[in-house]
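Undergrad: Can you keep this structure in mind? I'll have questions shortly.
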Amino acid sequence: MPSVSIGERITYSLTQFIIESHEIATMSFQRLVSRQLLKSNTRLVQGNGMAISRLQNSLAPSTQSLNKNLACYSTANKKYTKAQKGVAGDKGTSGGSGGSGGGRGRMPTVPAILAVMSLVFSAFYMFKDSDKNKEMAKVQKDELEQEKEELIAMLKEQDKLEKESKDKTVSDKDGADTEGYVPGKIVSERFSQKEIDEFPFDKKTVVFVLGGPGSGKGTNSAYLVRDYGFVHLSAGDLLRAEQKREGSKVGELIAHYIKEGQIVPYEVTIGLLRDAMMDHKESDKFLIDGFPRSMEQKVAFENGVTNCKFVLYFECIEPILVERIMNRAKTSGRSDDNIDSLKKRFKVFQNESYPVVAEYLKYNKVCTVNCNDSVDKVYSNTKECLEKFK
């Protein structure tokens, strides 16, 4: 048998130990990743994916170090194998003492021993880091679970509030009289259902005129009536007239909403617009100014009356609108021409009315008019819009 030194035996044994440790570490890492994937909640896939990615990234340096050290140790192992062959070759020439001397001459080098110890420590820290990252992944999952529960609770509360707001009757608001208001039903105080059913709404051309308060909707609509023969129906004017009409069943209700800068229930507004259209049986063209002010109104009008041909949208910056309204307030006598109501009306327009414009833009049914210019320039742009949709 060839004589092998104790150092070489230690080196060989450590080689086998490190190789086996590397295999065990690899299997453990694979099992760890598998467990993390199996524990992932379907609603937290993204969060857990990030945790696993961090785990893999944190293990990468240890794995690279292990592979590097294995390469170094592979070199040392080859030297050990070569040493064994050398001992076998020296048996017949140098004798036992020569073999022993040769064995001592082939003791493992310091780099080889350091490589082995580096492998041992790499394996140890890899397992340690695996446990640490496993705990981090668990903490992150718990945090995501908590955030999910908080979000679900918040959405449920929001749905509850919206439902309560919709279910709450208008009669709860400052004692407003709601005798003529039936939620979900467009009623008329002047026409019978038979007259309404027989009126040819589908043969009429309807143009919606939208824009912020003070943008020039009324002024330009009056010019279009003069030059093109439209019938101008202002939703705001109709509501204010109905509010003052003696015997109106919805006058008090309308007054409350106008004062608060809120949108009057669509059933009331559409009922007044429909009656006004029926008052002009001979006309085929209608400009409906300041309507629809919400997606709910848009849908209800198109389902209950007729579709609009296109939308004239008067666009103007807010400072100019404020200046125009405050100047108008000096002579208009309108209850909503004040700074408090104006702020509410701007907010309502941005949150509820502009989405109507955005919806019609999808179907190329909007013509936008810049209202920051002079009255004549604005009307010139308005006529150009009208020509496009003739």
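Cβ coordinates come from backbone N, Cα and C, glycine included.
All annotation found in TrEMBL is predicted automatically rather than curated by experts.
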Undergrad: Looking at the ranges 140-150, 162-172, 327-337, which is given as region 'LID' in TrEMBL?
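TA: Feature region 'LID' in TrEMBL: residues 327-337.
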Undergrad: Using Cβ atoms only, which residues of the same chain lie under 8 Å from Gly216 (ATP binding site) while being at least 6 residues apart in sequence?
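TA: When sequence neighbours closer than 6 are ignored, Gly216 (ATP binding site) has Phe314, Cys316, Cys371, Val375, Val378 within Cβ distance under 8 Å.
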Undergrad: Near the region 'LID' (327-337), which same-chain residues lie under 8 Å Cβ to Cβ, leaving out any that are not at least 6 residues past its ends?
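TA: For the region 'LID' (327-337), the list is 214, 240, 255, 258-259, 261, 345.
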Undergrad: I'd like the Cβ neighbour count for Pro292 (ribonucleoside 5'-phosphate binding site), meaning other Cβ atoms within 10 Å of its Cβ, all protein chains included.
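TA: There are 28 of them.
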Undergrad: Of Gly214, Gly218, Gly290, the binding-site residues given in the record, which has the fewest other CB atoms within 10 A of its CB?
TA: Gly218
Undergrad: Of Lys217, Arg240, Arg328, Arg345, the binding-site residues given in the record, which has the fewest other CB atoms within 10 A of its CB?
TA: Arg328
Undergrad: Could you tell me which of these binding-site residues, Ser215, Thr219, has the fewest other Cβ atoms within 10 Å of its Cβ?
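TA: The binding-site residues Ser215, Thr219 were compared, and Thr219 has the fewest Cβ atoms within 10 Å.
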Undergrad: Neighbour count, 10 Å Cβ-Cβ cut-off, for Gln297 (ribonucleoside 5'-phosphate binding site): what number do you get?
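TA: Within a 10 Å radius of the Cβ of Gln297 (ribonucleoside 5'-phosphate binding site) lie 23 other Cβ atoms.
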